[in-house]
Amino acid sequence: FKGGDTCEYLLSSGRFLGEKVWQPHSCMMHKYKNSEAKNCLIDKHVVFIGDSRIRQLFYSFIKLINPQVKEEGIKHGNIPFEDKSASIKVDFLWYPEVNGSMRQRIKSWTEGSVAKPHIIVVGAATWSIKIHNGSNEALAQYKINITSIAPLLEKLAISSDVYWVLQDPVYEDMLSESRKMITNEKIDAYNEAAVRILNSSSRNSKAKVKVFSVSKLIAQETIMKSADGLHLPESSRDTNAMILMNVYCNKIMKPIDGSCCQPQPPLTLIQKIAFCFFTLSIIGYLIISLIHRNNYRKNKSCTDLESGEEKKPAISTPGVSTLEMLLHCFCKLGLIMTYFYLCDRANLFMKENKFYTHSSFFIPIAYILVLGVFYTENTKETKVLNREQTDEWKGWMQLVILIYHISGASTFLPVYMHIRVLVAAYLFQTGYGHFSYFWIKGDFGVYRVCQVLFRLNFLVVVLCIVMDRPYQFYYFVPLVTVWFMIIYATLAVWPQIVQKKANGNCLWHFGLLLKLICLLTCIYFLSYSQGAFERIFSFWPLSKCFELNGNVYEWWFRWKLDRYVVFHGMLFAFIYLALQKRQMISEGKGDPLFSNRVSNVLLFISIVSFLTYSIWASSCKNKTECNELHPSVSVVQILAFILIRNIPGYVRSVYSSFFAWFGKISLELFICQYHIWLAADTKGILVLIPGFPMFNVLVSTFIFVCVAHEISQITNDLAQIVVPKDNSTLLKRLLCIGGFFSGLHFFSAMQDQSRH
C-alpha cells in the first residue's frame, strides 16, 4: 500500500515463520541452489570488508556457491575464494575498524586504473568499541571516519552494488570479560551514526549505499543461541547470505518464487492485444446496453385506458440479445482478468512464502468436514456415483487440495501421498464419466467433443494469454483433455461398440475388453519409453502446447504419475454398467448394494484396504520410490472409498450440498487458485490485507470463490454461443477458432523473436 521498492523491504523488515524460515515484508524470498548462484554470479567479483562478523557472512555466502568450503582461513587476515568453473571471485578483506586503512582500500577502487568489484559488502564497529573501551571519543572518531568514506562508497554505488551492514545486537550475559564494554546501547549509537551519515550527500538515486539492516531483526530473535554472545548462530548468518543473494540475483535470474527486488514484467504483444479486446468488449457492452435501455423506454408496454389491456412492443431483436450476451460475458471476463493480472503480475499486492505446520493443514480440514456434514440432504437418485455424489466427491477433494496448497503441506510426505490419490480420483472420474456417457448414449458427434473441450480449456487459454504462461503450466487441464481424447478415440474407432449394440450380442463385450487391453498396452509402453512419448509430443503443433522450459519432460512426468487410473475408471464403469444391466446390484433407496452377507464382507475388505493404503502412504520415506508405486496402487483406496460410500443404502441416499456446490466449480477453483488465492504461480500466498493473516485468508478466499463461480457461469454461457448444435454453424465456428489460434501462434512467434 505504501508502494516503494521491495528491495528496501527485503533489506530492512520481516519476521520469522516458525524458528528458521525468514519472511520479508511484502515479498517472497527464493532459496537459491548452488547452480543458480553460480549462474547469477558468473564472471563477477564480490568483496566483503570488515570484522569477524562480516567474515561469518562471507563464509555463508560462498557456501551458497560451493557447500564444501570449510572455515579454515586466517582469522585476522584476508581470505580469497575463487570458483574457476564460473569465473567467480569472492574476497574477504580484514578491516575490523572504519579507519584510514579501510578508506584507502575503498578509494583505490574509485580510481580508473583498478577494476571495481561488482558487489561490495562493508561493516565494522565492535572492534572500535572494544579497543577504545566504549569511549565517546571513539564514537566521535567513527563518525568522522565514516563521513570521509561515505562519498567514496556513494561513488562506487553508481556502477556497483554497495551494502553497509549495520551492527547486530549482542547477548550481553554471554559476552566474555574482554567484550563486556560492547553493549547494545553502544551498538545502537554506532548504527544511528552510520545511517545518518550514509547517503546524506547523495542526490542521485542510483548512487545510494544500500543499508543492510535486516540482520539486526534476525539477530534480535536468534542471538540468544549464539556461542559467545557476539557472533550469530549459523542458521541466522545463512539467512543473511540468502537475503543478500536475493537482493542481487532476483532481478537477473527472475525466479517465480522470488518476488523481492523483481521489476514488474513488461506487457507482451499478446497481452496488449487482449487488453484492447477486453476494453472494446466493455465499451461495446455499455453502448448496446444504453441503446437497449432507450428502446425499452420507447417501446415500453403501456396500458390502454379504454380496454385496460397492455400493448406489447412490436419490435423484437433476438439477434442483438445474443451479441449483448456475448459482450456481457467478455465484459465480466475482462474485469476478472484485470484482477488476475493485478494480483499476480503487477507489483500491487504483497506476496508471502508458504510455511507448513500440522495445525495449518489439519484444523481447516476438520472445519470444512464439519460444515460438509452439517449441509446433508437426500439425493434425487440412489444410483452408484450419481450426479450429486460425484459433485460432492469433487467438492471435498478440491477443498482439501486447496488447503494442501495454501498450507505448503507438500513438504510433509504422508499428506503429499494422500493428495496424489485425490488427483488420481479426479482422473478416475474422468475415465468413469466419459466412458459411461459414450457407452450409454453412443454419441460420438463433433458437438459433444467440442462442448467438452471448450468447457475444459476456455479459462486456461484465456489465462495463457493474459498471464503470459504456457498451456502446460496449468498441467491438470492438459492432462484431462488428453485423457478425454484418448477415451473418445478408444471408443469411437471402428468398430464402435456401445451398450445398445452389446445387448444384442455378448461377443461385443469381449470386443470392448480387447479395445481396453490395447489401450492398457499402449499406456504401459509409453510409460516405460520416454523417448517415444517425447517424440509424439515434440511434433508441432503439439510441442507448443506441451513443452515447458523448452522440453516435454514435465508433461511426461505428470502423465506417467497417474497413467493407469483413467483406465481403471473406464474398466470400473464397464463392470458396474454390466452388473446394473443384469440387475445383479440393488440401488433402491435404503437398500444395500448387494445381499447383506456380500455387502458386509465387501465393506469390511474396503475399510481394511482403505486403512492399509493410508498406513503405507504415511510410512513413506522416499518420494521417488512412492511415486513409482503410486500409479499401480492408488486405485485401491479409490475403489475402497467408492464401495464404503455406496454399499450401505442409507449412506448412498444422502449427500452434502455444501461439498456438491464446490464440486460444480471444482475445475475453476483449481485453475483460479494459481493467481488470485496463491501467488507467484502457486509458490506463495497472496496478501490483500497485510498484518492480519487469518482475515487476509478469509477475504481473499471469499473473492476467489466468487470469481471461480462467476467464471463457471461465463464458460457455460459462452459454450452455448460458441459451440452451437447445428453442424454447419459449428463448422464455421471451428474455422473461426482455427483462425484465432493461427493468429495467436503468429503473434507468439513475433513475441519470441523480439525477446531473442
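Heads up, the Cβ atoms here are built off N, Cα and C, so glycines get one too.
Confidence across the domain 'NXPE C-terminal' (22-72), taken as the mean pLDDT and rounded to a whole number, stands at 94. Annotation source TrEMBL lists domain 'NXPE C-terminal' at 22-72.
Residues or ranges marked as domain 'Cas1p 10 TM acyl transferase' in TrEMBL: 253-734.
The transmembrane segment feature in TrEMBL is assigned to 269-291 (among others).
Marked as transmembrane segment by TrEMBL: 325-343 (among others). Under 8 Å from some Cβ of the transmembrane segment (325-343) lie the Cβ atoms of residues 274, 277-279, 281-282, 284-286, 288, 349, 462-463, 466-467, 675-676, 679, 686, 703, 707, 710-711, 714, 717-718, 721, all in the same chain and six or more residues away from its ends.
Outside the transmembrane segment (355-375) by six or more residues, the chain places 17-18, 21, 23, 396, 399-400, 403-404, 407-409, 411-412, 415, 656-659 with a CB less than 8 A from a CB of the stretch. What TrEMBL records for 355-375 (among others) is transmembrane segment.
For the transmembrane segment (396-417), same-chain residues at least 6 beyond its ends with a Cβ under 8 Å from one of its own Cβ atoms are 354-358, 360-361, 364-365, 368-369, 372, 423, 425-426, 617-621, 623, 626, 630, 656, 659, 662-663, 666, 669-670, 673, 677-678, 682, 685, 697. Under the heading transmembrane segment, TrEMBL lists 396-417 (among others).
Sequence-remote contacts of a segment are chain residues at least 6 beyond its ends whose Cβ falls under 8 Å from one of its Cβ atoms, and for the transmembrane segment (452-468) they are 265, 268, 270-271, 274, 333, 337, 340-341, 344-345, 434, 474, 477, 480-481, 484, 667-668, 671-672, 674-675, 711, 715-716, 718-719, 722-723, 744. Annotated transmembrane segment per TrEMBL: 452-468 (among others), in sequence order.
Cβ atoms under 8 Å from those of the transmembrane segment (474-494) belong to residues 423, 426-427, 430-431, 434-435, 438-439, 444, 449, 452-453, 456-457, 460, 463-464, 515-516, 518-519, 545-546, 554-555, 558-559, 562, 566, 570, 667, 670-671, 674 of the same chain, restricted to positions at least 6 beyond its ends. Taken from TrEMBL, the feature transmembrane segment applies to 474-494 (among others).
Residues or ranges marked as transmembrane segment in TrEMBL: 506-526 (among others). Note on the transmembrane segment (506-526): residues 486, 490-491, 493, 495, 497, 532-533, 536, 563-564, 567, 570-571, 574, 578 of its chain, located 6 or more positions outside it, place their CB under 8 angstroms from a CB of the stretch.
For 561-579 (among others), the entry in TrEMBL reads transmembrane segment. Here the transmembrane segment (561-579) has long-range neighbours at 384-385, 420, 423-425, 427-433, 435-436, 439-440, 479, 483, 486-487, 490, 499, 509, 512-513, 516, 519-520, 523, 526-527, 585, 627, 630-632, 634-635, 638-639, 642, meaning same-chain residues at least 6 beyond its ends whose C-beta is under 8 angstroms from one of its own.
Look at TrEMBL and you will find 600-617 (among others) tagged as transmembrane segment. Taking Cβ pairs closer than 8 Å, the transmembrane segment (600-617) reaches residues 414, 417-418, 421, 594, 626, 633, 636-637, 639-641, 643-644, 647-648 in its own chain, all 6 or more past its ends.
Annotation source TrEMBL lists transmembrane segment at 659-679 (among others). Beyond the ends of the transmembrane segment (659-679), by six or more residues, the same chain brings 28, 259, 339-340, 343-344, 349, 351-352, 372, 375, 388, 390-399, 401-402, 405-406, 426, 455-456, 459-460, 463, 467, 474, 476-477, 685-687, 700-701, 703-705, 707-709, 711-712, 715 to within a C-beta distance below 8 angstroms of the stretch.
Long-range contacts of the transmembrane segment (685-709) within the same chain, counting only residues at least 6 positions beyond its ends with a Cβ under 8 Å from a Cβ of the stretch, are 1, 25-26, 336, 339, 343-344, 349-354, 406, 662, 665, 668-669, 672-673, 676-679. Among the features that TrEMBL reports, transmembrane segment is placed at 685-709 (among others).
Summarising the annotation, TrEMBL assigns transmembrane segment to 730-750 (among others). If you look at the transmembrane segment (730-750), the same-chain residues 6 or more away from its ends with a CB under 8 A from one of its CBs are 269-270, 273, 446-447, 450, 465, 541, 544, 722-724.
Tertiary neighbourhood of the transmembrane segment (269-291): same-chain residues 320, 323-324, 327-328, 330-331, 333-335, 337-338, 465-466, 468, 744, 747-748, 750-751, 754, selected by CB-CB distance under 8 Å and a gap of 6+ residues from either end.
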